[in-house]
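Peer 1: The structure is given below, and queries will be raised subsequently.
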Amino acid sequence: MPFGNTHNNFKLNFKVEEEYPDLTKHNNHMAKVLTKEMYAKLRDKQTPTGFTVDDVIQTGVDNPGHPFIMTVGCVAGDEESYEVFKDLFDPIISDRHGGYKPTDKHKTDLNFENLKGGDDLDPNYVLSSRVRTGRSIKGYALPPHNSRGERRAVEKLSVEALNSLDGEFKGKYYPLKAMTDAEQEQLIADHFLFDKPVSPLLLAAGMARDWPDARGIWHNENKTFLVWVNEEDHLRVISMQKGGNMKEVFKRFCVGLNKIEEVFKKHNHGFMWNEHLGYVLTCPSNLGTGLRGGVHVKLPKLSTHAKFEEILTRLRLQKRGTGGGRSVRGGHSLPQLPTMEGAADGRAAGQPAPLA
Amino acid sequence: MNTRLDATMPFGNTHNKLKMNYTAEQEYPDLSQHNNHMAKVLTPEMYANLRDKETPSGFTVDDVIQTGVDNPGHPFIMTVGCVAGDEETYEVFKELLDPVIEDRHGGYKPSDKHKTDLNAENLQGGDDLDPNYVLSSRVRTGRSIRGFCLPPHCSRGERRAIENLSIEGLSSLDGDLKGKYYALKNMTEEEQQQLIDDHFLFDKPVSPLLLASGMARDWPDGRGIWHNDNKTFLVWVNEEDHLRVISMQKGGNMREVFNRFCTGLTKIEGLFKEKGHEFMWNEHLGYVLTCPSNLGTGLRAGVHVKLPNVSKNEKFGEILKKLRLQKRGTGGVDTAAVGGVFDISNADRLGFSEVELVQMVVDGVNLLIEMEKRLEGGQSIDDLMPEQK
């Protein structure tokens, strides 16, 4: 897990050619886009918190490629990264998000009433429904770059916000570092527990520093609303339940998210959002909605059909194995398993997200 | 919003500028589960004193300690839990590193002076460790090139410059030391297989102790292996240190191994000096390396030796301690012994000269073999018990 020790004052004593990374074996979005000229232009810049282009790209330099997926190869260290390093991020965002232009505007709609139907996906086929997203808290650096003090502050605010929830949202926070064995076993059995990342994609970005300090899991008593604190993003918010009532899952998702946001706003720390990029998250692949809405669904016949991939592409869906995500014993989200997971999140189908 | 990098800013960069908005308590790491040298030493007060400092190259105390925060402990060994990012780290963060050094290096004080002795003639004996027991002999050390940041912190440009200097220097070695450089990133399949077969190839580290310090960034850029045609002298470039220099051969002629080691090192140092680059060295810390545990000589001289009987003796640990030796598995630092074959080497690095350390290994291994032979014959080893060296 090498991480950004790229704040080296001597590097500007070396020429661009000497510092420019060797990307000849690389196949990720960053490597496709970062020319020597671009690197020359960006290498002496930093965001207000001190994030540099070398920090942005370190994970992409250290991880040339992935056998199944086109990885992004760069991360943001704070909200301003996307502005200071526009030259690099804009083409990556365009390439990754189907031609999204620097002038485009992103629409946020968390009004669940606007969803039509969705309450009766056939439970003979749909085993479970889930919606997840991420949120970043304004005013703090992001997981690749935040200090311990910042991470703890995010945890503290998050716990306060979550503890104020009631009704179906009433729940409890389990900090990773103070979990009992019994709690840990239960969280594993529920498939809620996340562990220190092992993926070199994540580790190289520096987001596992100081593990497990200020990391934790919050979930409601019903186990249908779950929040990860300080994993790859400040918050990952997940609504889920067995069966095919996606409408109910999405309603809980929207209501819960809005309630949490209110509490953060009261503390003058709303979510990072702007009208171009929508919700700002650590990985450029999660910008906009950061939303992955999906089901575990039985499609043994359709999936063997010659046109399955084409159908998914046309529907703007992607498939993954059901061992996806980063819950403990859940394995990495690679499309290895025969059961299919359809997901709609605005990305071109057949391109599963590298960082789940 | 865009600001140019400025050498006078309080933090170089990564360990962000917002952290000074938080109190020392809020930023102080949670070391309650930790058992490493750094955790034993770093109090909240010390952290408060050091947290706004940086070396000229921009290394901060958070950089120094990150590996120790991320790795609470190790099942077999008391880890150091901190690294240097440049030569000045040991000065700027003296308050932390001096007690770590003292604890790690047997009470070595901030006022102590370290003696360097690379004159192989000063070694007594060592050319005839019993080859029925000693399978191989090896001496290694590290060297840092003054003026460049160390592996946890160096930029790609710096790392490549070190590689270029090393290639230039090594390519001018001749005679027994004539050899070739194999850059990790453009090795052929055949070369790679051969280096694996020779047990020369080093790979991207997997140890979280090393990875957390940032030394594997940009792998394999700027990394490589040089060895002589005889395969008895090997240099690793840009792994955990700028250079790791290894002399080795089968059998028990440690004297020859050490001779080649000293000759080779001295030649390499001369070649670097010709190009205007010295090794990092000072009279207090000796050779300056990335890990505080390798300061002084940076030297580990060891043998792979068959000690199936002695190693089972209840006093084995005590004997090693008295001889100032340590045991490892033959797979290296993180491994266990297999088939009664141990890696026995000097435990010290600092406060003793190279000759003194190799002498301890030679004398100690000779004694252990004698004990092994006694135990083979069912005899006692009580009268052979050594005094504390």
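From the backbone N, Cα and C atoms, a Cβ is placed for every residue, glycine too.
Here the structure is a predicted model, which means the values were calculated and not measured.
Quick paste of what TrEMBL says about this protein:
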- A:128-132, A:His191, A:Arg236, A:292-296, A:320-325: ATP binding site (BINDING)
- A:11-98: domain 'Phosphagen kinase N-terminal' (DOMAIN)
- A:125-356: domain 'Phosphagen kinase C-terminal' (DOMAIN)
- A:320-356: region 'Disordered' (REGION)
Peer 1: Return the count of C-beta atoms lying within 10 angstroms of the C-beta of A:Val131 (ATP binding site), excluding that atom itself.
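Peer 2: Counting Cβ neighbours of A:Val131 (ATP binding site) within 10 Å gives 23.
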Peer 1: Return the residues near A:Ser128 (ATP binding site), defined as same-chain residues 6+ apart in sequence whose C-beta is under 8 angstroms from its C-beta, sorted by sequence, else 'none'.
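Peer 2: Correct list: A:Met240, A:Gln241, A:Lys242, A:Gly243, A:Val295, A:His296.
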Peer 1: Provide the three-state DSSP residue tally for the domain 'Phosphagen kinase N-terminal' (A:11-98): helix first, then strand, then coil.
Peer 2: 44 helix, 3 strand, 41 coil
Peer 1: Which of the three DSSP states, helix, strand or coil, fits A:Gly294 (ATP binding site)?
Peer 2: strand
Peer 1: Could you give the mean pLDDT over the domain 'Phosphagen kinase N-terminal' (A:11-98), rounded to a whole number?
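Peer 2: Taking every residue of the domain 'Phosphagen kinase N-terminal' (A:11-98) together, the mean pLDDT is 94.
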Peer 1: Applying a 10 Å Cβ distance cut-off over all chains shown, what neighbour count does A:Arg320 (ATP binding site) have?
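Peer 2: Within a 10 Å radius of the Cβ of A:Arg320 (ATP binding site) lie 23 other Cβ atoms.
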Peer 1: State the count of C-beta atoms found within 10 angstroms of the C-beta of A:Arg236 (ATP binding site), not counting that atom itself.
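Peer 2: Step by step: centre on the Cβ of A:Arg236 (ATP binding site), count other Cβ atoms within 10 Å, giving 24.
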